[in-house]
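Written out below as structure tokens is the structure these notes cover.
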Amino acid sequence: MEFFDRFRIWVLAICLIFQLGHGFYLPGSYPHKYVEGDFLNVKVNSLTSIDTEMPFSYYSLPFCQPQEGVKDSAENLGELLMGDRIENSPYRFEMYKNKTEIFLCKSDPLTSDQFKILTKRIDEMYQVNLILDNLPAIRYTQKEGYTLRWTGYPVGVKVKDAYYVFNHLKFKVLVHEYEDANMARVMGTGDAAEVIPTLTKGSGNPGYMVVGFEVVPCSIMHNADSVKNVKMYEKYPSRIKCDPTSVSVPVKEGQPIVFTYEVEFENSDIKWPSRWDAYLKMEGSKVHWFSILNSLMVITFLAGIVLVILLRTVRRDLTRYEELDKEAQAQMNEELSGWKLVVGDVFRAPTNPALLCIMVGDGVQILGMAVVTILFAALGFMSPASRGTLITGMLFFYMILGIVAGYVAVRLWRTIGCGDSKGWVSVSWRAACFFPGIAFLILTTLNFLLWGSHSTGAIPFSLFVILILLWFCISVPLTLVGGYFGAKAPHIEYPVRTNQIPREIPPQKYPSWLLVLGAGTLPFGTLFIELFFIMSSIWMGRVYYVFGFLFIVLILLVVVCAEVSLVLTYMHLCVEDWKWWWKSFFASGSVAIYIFLYSVNYLIFDLKSLSGPVSATLYLGYSLFMVLAIMLATGTIGFLSSFWFVHYLFSSVKLD
């Protein structure tokens, strides 16, 4: 009873905490409440472009710098790996105080190198990414009667061989007014915020929360001579009219650029939990949903047919076989399906058994990481508001699941070796280094390209050291621990004995690898529509947020991979082909081939503007890394399902 009393107290305490926190906040995200006059500091992120896919630092261009100097904001591991470099900016607002014609700075006369790099960034369609209260700046444009949403604004534009830079920004900050006495008041800018609970009614002024951040870039012809004595944040000497449809300040070598801005605050009915809705809206979303739903129904129907056919065929075969006496069984062995003829070879060890065990162990680790990460993301723990948490979570879960990889790899190794645990340390060690080693090789090669381009997407050397330490100090030891438990666990007993002399496989009408390659089309059909959204979020800068639906697609993919591999294994056994181990792995793992071909198709037809061999190499390198992980995960699903099926099939038959 004492235990239940303590449990009840903890439940009440957790409920009280959620009640005080209003219960609607995303995990890991919380609101900031400002009062009128509080300073709001805008931050800058890396310059990005879908034309090159290589991010660069904001201050690599001749923009204004803050008076206190450039400072990096706190970044997590995921942000660094994604190429985000969040820094402070010179833009400063005061809550609910509209200001116009604010002078920011006058740059030095552009040198030849600065002029070349600025015009190059304009040609490559680079976007400036600003952040206020964790909200990216959003820009609205009109095209053919439709409202288009963009995050950030372009560095400039090229018109008739002349380059124009956007040197005046018109900001609009949407705020929602709160008078809730239980809402915590946050003093400061959020970097070092002081949280003061205000639990009494009518205490102080109403607070405001930032629920929207919009920007309109303009090209204004400023008089550089008129701002010689004007200091930062002072009033610009003349009136500024921002017209986004016209440009008037061409970039010229040897001339300075004057930067200004204005800010307007506007009350909004948008509440804080809904402030990300503007970033998550997609044009034609109903069409996308109906298309995806239709695809899911078709795939589910086909998978059901495959399962029904398989169960009916095997069950009928077993029933007819077991109803006969021993003499009739021997007589009908030639007439019935040929899977019973390979009973003495079906569990014969495959070629390269250690490699198969290692790949299966790594596949279980990757699959487990994907399931857990997507589940947490669907619950809101890795929302778009928490930058970098998705990558950080994936790394964390991958390292922790190393213990599962070691256990599965070693136990399968002992099963193939009929209980012999000799060499389990070697198998565990190679399982801990196989996929991470290949990934490290690919990422290092791509990183040299990014280093050569001076891109912020390059992983810093210090982060490389941290990743290696995480690999060898956490992932490898956990995999060895899992291998130890796998060596101590009982191996899986085969239901039949293996003959000393292998049975000759009859010649086949068609090469078996054709069936293996073709088997990947059905799993690919379950995810190719969802793959488009994922690719768009990675390479087109769109926000991906339908993790709940992605979790359903992942479950469906697991089911289809298992069924496809199981059916193909049964087909091979029926033609007396007992070498099913690797074929069952690649039957479902061959979906990776179609995903890679789809990636090439996406590069050619959807990323037409992707320029330069470096950008294409980066794209193909990251695609190869993704495809390898998918092959290991899906191949593991197929192998484990086929292993269970073969074990069940031959343990259900009464054999002498």
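Positions of Cβ are set from backbone N, Cα and C atoms, glycine also.
What TrEMBL records for this protein:
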{"type": "SIGNAL", "residues": "1-23", "note": "signal peptide"}
{"type": "TRANSMEM", "residues": "289-311", "note": "transmembrane segment"}
{"type": "TRANSMEM", "residues": "354-378", "note": "transmembrane segment"}
{"type": "TRANSMEM", "residues": "390-410", "note": "transmembrane segment"}
{"type": "TRANSMEM", "residues": "431-451", "note": "transmembrane segment"}
{"type": "TRANSMEM", "residues": "463-487", "note": "transmembrane segment"}
{"type": "TRANSMEM", "residues": "513-539", "note": "transmembrane segment"}
{"type": "TRANSMEM", "residues": "545-568", "note": "transmembrane segment"}
{"type": "TRANSMEM", "residues": "580-604", "note": "transmembrane segment"}
{"type": "TRANSMEM", "residues": "624-650", "note": "transmembrane segment"}
Sort out the residues at least 6 away from either end of the transmembrane segment (545-568), same chain, that have Cβ-Cβ distances under 8 Å to it, and list them.
280, 292, 296, 299-300, 303, 306-307, 309-310, 367, 370-371, 374-375, 377-378, 382-384, 515-516, 519-520, 522-523, 526-527, 530, 533-534, 583-585, 587-588, 591, 634, 637-642, 645
Return the stretch with the most CB pairs under 8 A relative to the transmembrane segment (624-650), choosing among 354-378, 390-410, 431-451, 463-487, 513-539.
354-378
One stretch in 354-378, 463-487, 513-539, 580-604 has more Cβ pairs under 8 Å to the transmembrane segment (390-410) than the rest, namely 463-487
